[in-house]
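Have a look at the structure below before the remarks.
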Amino acid sequence: MAYHSGYGAHGSKHRVRAAPDPPPLFDDTSGGYSSQPGGYPAPGAEVAFNVNHLLGDPVANVAMAYGSSIASHGKDMVHKELHRFVSVNKLKYFFAVDTAYVAKKLGLLVFPYTHQNWEVQYSRDVPLPPRQDLNAPDLYIPTMAFITYVLLAGMALGIQKRFSPEVLGLCASTALVWVVLEVLALLLGIYLATVRSDLSTFHLLAYSGYKYVGMILSVLTGLLFGSDGYYVALAWTSSALMYFIVRSFRTAALGPDSMGGPAPRQRLQLYLTLGAAAFQPLIIYWLTFHLIR
């Protein structure tokens, strides 16, 4: 007898029953992760879990808030101390210049003998900015003149085969230190002479920095015409700067009210003015003679 397909040898049909899955060896704890081949979590899932856990921690939130407050408080303290020692608004006043002012001021520094009115102009008890008043001191010309002097010194040393970064750095730092010492000496002299004026550190720094213009002209003339030209230019720029300092200090710096005090105080003020003027040619020579051979 022939058997139909699907029947066993005993003539009965068998049903195949699926075996139950074996119990897992370990509990599945990967429900918080994205499924990846091999059972590993998705890249970045653990980092995201840690960040969310950290942000949800109240202690961490308090620490972050406290750190932000400390940083903000420290920033305010830095800004306060900076404005305490350096007034940005006052500093902007000394750089309020234009091309016409710079050209006229340079001409006044080189040839001040024909200038008549040396008083600083005021508008509602506020001094006019330099671009509106030729007699107002500025820091733009001293700053640019200092940079030009350093570059010119480097060129002079290079022409003489004596250039090196160390020598140029020493030249620049020496020129800067001498101006700082001069300003400190002037402040001490004004204090000892009990001068009543609105003279600030920025004013003194501006007047002391004008010597860089004479230094540039002296060095440049010496490079073009030798030592004879250097000494002629040194004598001219020194005398012009001395005249400029005396007239400026007696009017704009010290003021006419301070000149009307007792005779001993007037003599102290006069000595201070003449001492500041007489110091200019000495420092110009000291900072430039080694650049001319």
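Note: Cβ is positioned from N, Cα and C throughout, glycine not excepted.
Note that TrEMBL annotation is computational and uncurated.
The region 'Disordered' feature in TrEMBL is assigned to 1-37. As annotated by TrEMBL, transmembrane segment applies to 139-161, 167-192, 204-224, 230-249, 270-292.
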Six or more residues out from either end of the transmembrane segment (204-224), which same-chain residues have a Cβ under 8 Å from its Cβ atoms?
-> 94, 106, 109-110, 137-139, 141-143, 145-146, 148-149, 152-153, 155-156, 159, 175, 179, 182-183, 186-187, 230, 232-234, 237-238, 240-241, 244-245, 248-249, 253, 276, 280, 283-284, 287-288, 291-292
The transmembrane segment (230-249): which same-chain residues, six or more beyond its ends, come within Cβ distance under 8 Å?
-> 108-113, 115, 118, 135, 137, 207, 210-211, 213-215, 217-222, 272-274, 276-278, 280-281, 284-285, 288-289, 292
Same-chain residues at least 6 beyond the ends of the transmembrane segment (139-161) with a Cβ under 8 Å from one of its Cβ atoms are 91, 94-95, 97, 102, 105-106, 109, 130, 167-168, 171-172, 175-176, 202, 205-206, 208-210, 212-213, 215-216, 219-220, 223, 291-293
